[in-house]
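**Q** Please read through the structure below; I'll follow up with questions.
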Amino acid sequence: MMRFPIISRPWLFLLASATRLDMFHAFHNTVARPTHRYSSSLSSTTVDQPDVSRFVTGSRPAGTEQYVMQQTMVRVKDPIKSLEFYCDILGFRLVMFREFPQWEFNVYFVAPVDASDIPLSKEEQWKFCMNTPGCIELTWNYGSETQDGLVYNTGNADSTGTTDGQNVKGGFGHLGITVPDVYEACARFAELGCEFTKTPNSGGMKGLAFVKDPDGYLVEVLPRGEMIQKPIDHAGVAVDGGEGYKDNSK
């Protein structure tokens with residue numbers, strides 16, 4: 001089978017992706033704290049926590065006031081299946097796409113916006129997309145849809161694409177969305193056939209979930225408001241049940 005090269009951004013006018021900030025998953029106030037010693041009852045490890053308080057306060061550096069965290073790019077095997085997941089299941093819209101047959105790849109930008117807000121012309125769609133925070137750029141390299149099985153490594157203890165078959169401790173972890181009610185959203189995702197790696201009540205952190213997209217990338221589901229817990233989730237897992245916390249990178 002012919003293998004097409006993985007090409008990322010040969011077109012110079014597309015801005016490079018900014019680094020995504022990691023989210024705090026422990027259910028605590030996100031106000032930064034001074035450096036302190038931390039030890040867990042689940043582990044014998046003691047860690048010096050860094051003082052990050054200066055990154056919370058103050059003005060943005062001069063010249064960066066209008067910078068936007070505009071996109072995260074992931075490569076996808078089949079663009080239609082990916083668009084069905086992000087648009088039909090997560091509720092995003094396709095705000096812009098570009099086809100590059102000369103380089104044998106296409107890009108599709110999706111975001112949680114109303115379709116009525118998306119301009120009709122390509123030029124205006126570009127401007128709209130580049131000013132919309134939180135887009136996901138789905139990149140399809142021609143021919144990947146004909147390959148067997150999963151094609152791309154998700155970064156989470158994944159052996160896809162390795163030559164020795166060993167899991168990779170990757171840096172990429174997951175995408176994330178927020179919803180009004182995690183439990184109701186996950187019940188809907190389950191009805192639509194989504195695969196979960198964590199339901200709201202499983203694991204050590206209650207009230208959040210992880211679903212897989214068609215390529216195996218994890219999507220975290222968090223509440224838009226208060227972190228709540230319900231006695232039973234859609235999978236029948238009790239709030240006091242499920243396994244403990246798992247590091248998906250290992």
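Glycine too: its Cβ is placed from the backbone N, Cα and C atoms.
Feature list, courtesy of TrEMBL:
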type     : residues                      : note
ACT_SITE : Glu220                        : active site, proton donor/acceptor
BINDING  : Gln71, Glu137, His174, Glu220 : Zn(2+) binding site
DOMAIN   : 68-224                        : domain 'VOC'
SIGNAL   : 1-26                          : signal peptide
**Q** Hey, how far is Gln71 (Zn(2+) binding site) from Glu220 (active site, proton donor/acceptor), Cα to Cα, in Å?
**A** 17
**Q** I'd like the Cβ neighbour count for Glu220 (active site, proton donor/acceptor), meaning other Cβ atoms within 10 Å of its Cβ, all protein chains included.
**A** 19
**Q** Is it possible to get the count of other C-beta atoms within 10 angstroms of the C-beta of His174 (Zn(2+) binding site)?
**A** 19
**Q** In Å, rounded, how far does the Cα of Glu220 (active site, proton donor/acceptor) sit from the Cα of Glu137 (Zn(2+) binding site)?
**A** 17
**Q** Around the C-beta of Glu137 (Zn(2+) binding site), how many further C-beta atoms are within 10 angstroms, looking at every protein chain?
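**A** Taking every protein chain into account, the count is 22.
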**Q** Counting across all protein chains present, how many other Cβ atoms fall within 10 Å of the Cβ of Gln71 (Zn(2+) binding site)?
**A** 23
